[in-house]
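Pulled from TrEMBL, these are the features on record:
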type	residues	note
DOMAIN	84-146	domain 'Anoctamin dimerisation'
DOMAIN	149-717	domain 'Anoctamin transmembrane'
TRANSMEM	170-189	transmembrane segment
TRANSMEM	235-255	transmembrane segment
TRANSMEM	301-324	transmembrane segment
TRANSMEM	344-363	transmembrane segment
TRANSMEM	394-413	transmembrane segment
TRANSMEM	523-549	transmembrane segment
TRANSMEM	570-597	transmembrane segment
Amino acid sequence: QDEEKWDFVLVSDIHEVGSEKEIKRKKFLEELSKKGFTIKKIEDKKLFYGVRAPKHIFQKYQCLLRNSNSRRQNPDVHHDIPVTTRIRIVNFILQNTVTPDLEKLHDLEKKKVFEASFPLHEKEEVRELLKEKWARWRGIFHHQPIEDIRCYFGEKVALYFAWLGWYTRLLGIAAVAGLLVFVSGITIFSSSQVSKEICEANNTIMCPLCDQKCPFWLLSDTCTYAKVTHMIDNAGTVLFAIFMAIWATVFLELWKRKRATVVTNWDLYRWDEEEEELALELINNLQHEPRKYQHSYFRSTIVLLLVLVMITVLIGIAHALVIYRVVATALFTQSDFELLREQANMAAVMTGAVLHYITIVIMTRVNRKVALFLCDLEKPRTFSQRENNFTMKVFTFQFFTHFSSLIYIAFFLGRINGHPGNYVRVAGKWRLEECHPSGCITDLFTQMAIIMVLKQTISNVMEYLIPWVSYKLRKKRQHPSKRSVRLGEEEAAEDPCKRHWRSNYELNKVNVFSLFDEFLEMVIQYSFTTIFVAAFPLAPLLAFCNNLFEIHLDAIKMVRLHRRMVPRKANDIGIWLQVLEAIGILAVIGNGLVIAITSDFIPVQVYKYTYSPCVTQNSTGVDCSTGYVNHSLSVFRIQDFESYTKVPEMLPDFVRHEIKECRYRDYRNADDYSYTVQFWHIFAARLAFLILFEHVALCVKLIAAWYIPDVPQSVKNWFLDRKHSNLRKDLSMMEYSTEV
């Protein structure tokens, strides 16, 4: 049995004898043989080389790192070292073995000398247990077997699933809160005074929404839209935004505690990654000299400038989407379809959101390539440093890809478009979009809903289908048809390794940055659930439902559809924790801005306490927001329209020449269209609210972070006891030796 345990398999095409590729392959395998590796060759449609490391390599590792690495992890029956550690050591040696031509395995794979290298999925107890309990859809509500995941895939994967499970559990609380806010919004669907006034505004004539075929229209035509807006935009949303800021902090603080407990159980709390890497380097090559830490300001400046160029490109794409919506609105309003003409703005927003999703899919690939190129420029010292640099760059690019368009809709839409008679135009022709008279928040809600739903449905389906289909196709290619039964005797005599190695080769390739894609997907989702949650209270609910599937989707991919991942040792989730903390701060700023700028919450409050009948007439029996709609609309004289604005003749129930003025959403004087005192009053109130909200939310975050200790007392006590017993043992040994 021991003889058939292979640590790694290398796969190569069958090259011509004496060809350059064959010579390079031989040289590499000879280097492995010199290090004492056992190599087994099996010829099929490809050449398979099974590789087994000699025992002395693992003895050196245990000698160099005298840690209780196998204290809780099931050691392999034949070696007193866990299988995951064994694979990790062998992988390090394979990746760092240099041929006489100064080529490593990575270079040989690039030159197609080897096609693949991977550790094997074993038919061992742990994998069967994971297949049965975890990597299947019916286990969706079951507890995750983190300890088993660790034994099979290593600490890094186990910590990812521990984090994802913890995040999903706490998302449940945020989802319930978001649902309550949304339901309470539905209950006041028709009772909001502002939407009542919009629905009753039968005589309020609004200015045309475009330059050519758009008619004047009545404010009451948008009754339903106003009700939907006030379902999202209410006082409950403000409380929910503060709640989510606190939730984000509490989630991270509780995760730090959970992580401390988990890694203490694994005896990795004070594990030193650098020491581990140096030990592996020395095991591989005793003459190895460590690469020194270096920092080049010139190189860093170049990388920074290139990152800024890339961010500018991504913001440029967001601008292109804005221009698309402007042009689309203009074209839709001139359409022959009545429904499209009437809902031109909504149609432009929805098609714009779908287009935004498509740019996200395309730019995700581009961002990765650019980030890898920048990492190569930086020349990081170690693999983990390279991974951290790559993570920061890809996340930054992805953040701008996902959020540039949303930032425009939230904070610029309808605020930089001028006013009737003096519109801001794209290329001097098309008017910039306007907000709806009942507010911009519905546009943000629509955009977020479409992107989140598309991202979580299409992306997840593709994430599962692509590996599944490619696995089935590879399998079919390898076994076109079962040959006749007459070959039964030969089949029986087939090397059992051959079938096993081939079936592993047929599985999908694993990315070198293991888990990177999964983490990135979840962190972008976390950004959606926290940053603009004031505009979309259902975001946590959508994320929660998605994650229930995501956990098992990732499990099925890893256990059933992908080759075995090279286990990585880790004692935390790495740089992702800093990314999550940064998102927590962005969430406070983002939600503060949404409530202060996008929402109508502040203008309504200013009106209630300064200009409403409650204040001016001391009326107590009326709703204080009575008259707000009329107060928030300015008057425009028809004679001041720009020359190329063609106001249509047809207007139901109105005579064209009788209309002398129309209304638009802004705070401007009727004579010279300058800003009114109310505009500056509201502007000051928005600013004051923003400063107050952010300071209160950040203070609450700091208090929550202080209140919940990062490390549980039980972990601290465990270390205390261990130090105490070690010191006592040393002292008693000393006393014993002096007595002797």
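Every residue, even glycine, has its Cβ placed from backbone N, Cα and C.
TrEMBL: automatically predicted annotations, no manual curation.
Between the transmembrane segment (301-324) and the stretches 235-255, 344-363, 394-413, 523-549, 570-597, Cβ pairs under 8 Å are most numerous for 394-413. Sequence-distant neighbours of the transmembrane segment (394-413) (same chain, 6+ residues past either end, Cβ-Cβ under 8 Å): 307, 310-311, 314-315, 317-318, 321-322, 352, 356, 359-360, 363-364, 367-368, 370-371, 433, 435, 440, 443-444, 447-448, 451, 516, 520, 523-524, 527-528, 531-532, 535, 579, 590, 593-594, 597-598. Outside the transmembrane segment (235-255) by six or more residues, the chain places 163, 166-167, 170, 173-174, 177-178, 181, 184-185, 529-530, 533-535, 537, 540, 577, 580-581, 583-584, 587-588, 591-592, 594-595, 599, 601, 693, 696-697, 700-701, 704-705, 708, 710 with a CB less than 8 A from a CB of the stretch.
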